[in-house]
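Worksheet for the structure shown next.
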Amino acid sequence: MGRRARGRRLQQQQQQQRPEGAEDGAEDGGKRSQAGWEGGYPEIVKENKLFEHYYQELKIVPEGEWDRFMDALREPLPATLRITGYKRYPEELAWHTNLSRKILRKSPQLERFHQFLVSETESGNISRQETVSMIPPLLLDVQPHHKILDMCAAPGSKTAQLIEMLHADMNVPFPEGFVIANDVDNKRCYLLVHQAKRLSSPCIMVVNHDASCIPRLTVDVDGRKEVLFYDRILCDVPCSGDGTLRKNIDVWKKWSTLNSLQLHGLQLRIVTRGAEQLAEGGRMVYSTCSLNPIEDEAVIASLLEKSEGALELADVSAELPGLKRMPGLMQWKVMTREGQWFADWDEVPRSRHTQIRPTMFPPKDPEKLQAMHLERCLRILPHHQNTGGFFVAVLVKKSPMPWNKRQPKVQGTPAAGREATALSPEAPMEGTPGDASELDGQAASGTGDAEVPQAAEHSENSDDKKDGVCGPPPSKKMKLFGFKEDPFVFIPEDDPLFPPIEKFYALGPSFPRMNLLTRTTEGKKRQLYMVSKELRNVLLNNSERMKVINTGIKVWCRNSSGEDFDCAFRLAQEGIYTLYPFINSRIITVSMEDVKILLTQENPFFRKLSVETYSQAKDMAKGSVVLKYEPDSTNPEALQCPVVLCGWRGKASIRTFVPKNERLHYLRMMGLEVLVEKRKEGAPLPTEGAAGPGSPEGGAEEQLAEEPQAKDTSGPGTTPGCEQVPAEPG
């Protein structure tokens, strides 16, 4: 019998068993029958006796709160969001609803709000991020000059927070700091790229490595090759995830202590590698979405013990006031998947030694345990603030790790410069830890630290470095996973491509032309990207040591008919806020009404725009332009923040090259409601009103001119990979 036939027979049997008079959807709005079925799938029973037994025995929940704890775990997790801001959180920039993500997606009454969330997320103005996930970046205390490593970064919501903190001063297009975001999963790296690109920062690099043996990098400091140490490291490790029961309900039936026992060793190797790469005086945050002390306190205690005083737990009780937290545990036991308990390593039979390790138990010495101050760790319980479960530990590096001789101190101020994050030539590093058995995986970290500068000097003398080419590492030196990435090629000083661009846009003398790169070594350069000088330094000195997935922001795109204009490259909206401070020509100041017209009509003729705008554009040569809106402080009803858009001055019209969701964002800010359906002929234009979150998602293709007009074909063509005409999404 075929699958369809079996399905029909089952349906007939169910109809025969249904009581007379019962109709489809009569119970619970048609969504759930009395049998507990929804959408054809059985509802998962949110119970796990072993889970309850384990955590009751460990006493992670205060006395008298267990029922509230379990009730909270059985409730759906409320949807939360964070507004992109270059300030410290929370300053009314993080919000939570009393609605689950499922209700937001499915409810017809909330359709417009959901579309608003999707649109603003895509344009980078909000991030839909769980509340507890926002905590680790906040406790890192990031400053714009910090060099940051995010060791297990995908999917990237915490990475986005770190990028925002680097750009705390919007008037500085190139902060001294940067974020290197790493993930071991090649496919998840591209999800990470998507998250990072929403923020259009030249200070982010995505790399693909096993975090437990992520290679040391070197940088050039006044002609010397020096090892790069990070001022801040985020170590949000893979975990069993039992703190996510509210959103990942499969954990209810799959949970066992075996997951934690299997992950403990990997978590310890990752955080140890992070500690090695942390600058003296730097801060590292270790976090998991697990409540299990085997993944939490046990990892921290083992790291502190092997560090021999080089690391200490920071007291962050005064940070994030208002956050309800539980102190870290001082004592815990280990339980097998069968429910057998062990309070000490000496109790573990030899047959269990491959599954249970000594590092999973608290230290025996009471004085040593007390000196660790494990109570400074944070455990977030779901019922305290209607969140998920989470664990955070903040570590500060007081001195080099015992198996290292010396290393540099963290930057105290931006003026400290790059020297503060690189190893001094008089202080070579030892690559041999004191106890290899305790540092399993350390040998897998590649060459010894003392060998790194020598290898860097060798790579610098290669022909590729002379050409400014930063390609993927050779397969003989590093096993590559996933796709082979295109190389990163910096534009040479004598490249004839740049002078026409410089002249056309009247770029100022401070423009960092050496930071321009492309992704091809042959043929025409179709897109130009820009990175900060610090990331340029990293790229040029480490191409054989790391696999770079993506870096930089797109600032120019080649027009398919570029030779017909004075400049073959047009501006890209993605990088316009970084590029704009250096542009001194091709700028048209527009009014708010002009912006509305430009964003709602595909090719408005000059006569549609204000007289002031026309007077600026009429004598301007055809080609790419900057459209700048400056707020009018005398008119409180007008939009009170500046807007910079990329446009094209055609023969008789001006058009914008702005991605769809970014258009919707600016229209909402100006109180212009965007229509969902395509406007029929003769229908009215979008009307002004309180758009806000109620505005549905739409696009420029849905906004038509108020009267038919001839198409101005004098604009640029499109190039694969470039932003399309306004009728297409970005």
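Here the Cβ of each residue, glycine as well, is placed from N, Cα and C on the backbone.
Curation does not apply to TrEMBL; its annotations are automatic.
Here TrEMBL flags 1-39 (among others) as region 'Disordered'.
The domain 'SAM-dependent MTase RsmB/NOP-type' annotation in TrEMBL covers 53-398.
According to TrEMBL, the feature S-adenosyl-L-methionine binding site maps to Cys152, Ala153, Ala154, Pro155, Gly156, Ser157, Lys158, Asp183, Asp210, Asp236. Residue density at Ala154 (S-adenosyl-L-methionine binding site): 22 other Cβ atoms are found within 10 A of its Cβ, drawing on all protein chains shown.
Taking the Cβ of Cys289 (active site, nucleophile) as centre and 10 Å as the limit, one finds 25 other Cβ atoms among all the protein chains shown. According to TrEMBL, the active site, nucleophile annotation covers Cys289.
Annotation source TrEMBL lists region 'Disordered' at 403-472 (among others).
Feature annotation from TrEMBL assigns compositional bias 'Basic and acidic residues' to 457-468.
Sequence annotations record features per position, and here TrEMBL assigns region 'Disordered' to 681-730 (among others).
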The domain 'SAM-dependent MTase RsmB/NOP-type' (53-398): mean pLDDT?
92
Just report the maximum Cα pair distance in Å for the recorded S-adenosyl-L-methionine binders Cys152, Ala153, Ala154, Pro155, Gly156, Ser157, Lys158, Asp183, Asp210, Asp236, no decimals.
20
If you measure between the CA atoms of Lys158 (S-adenosyl-L-methionine binding site) and Cys289 (active site, nucleophile) and round to the nearest Å, you get 13
Nonlocal residues around Gly156 (S-adenosyl-L-methionine binding site), in sequence order (Cβ under 8 Å, 6 or more apart)
Ala181, Leu191, Leu192, His194, Gln195, Ala196
Rounded to a whole number, how many Å is the Cα of Asp210 (S-adenosyl-L-methionine binding site) away from the Cα of Cys289 (active site, nucleophile)?
20
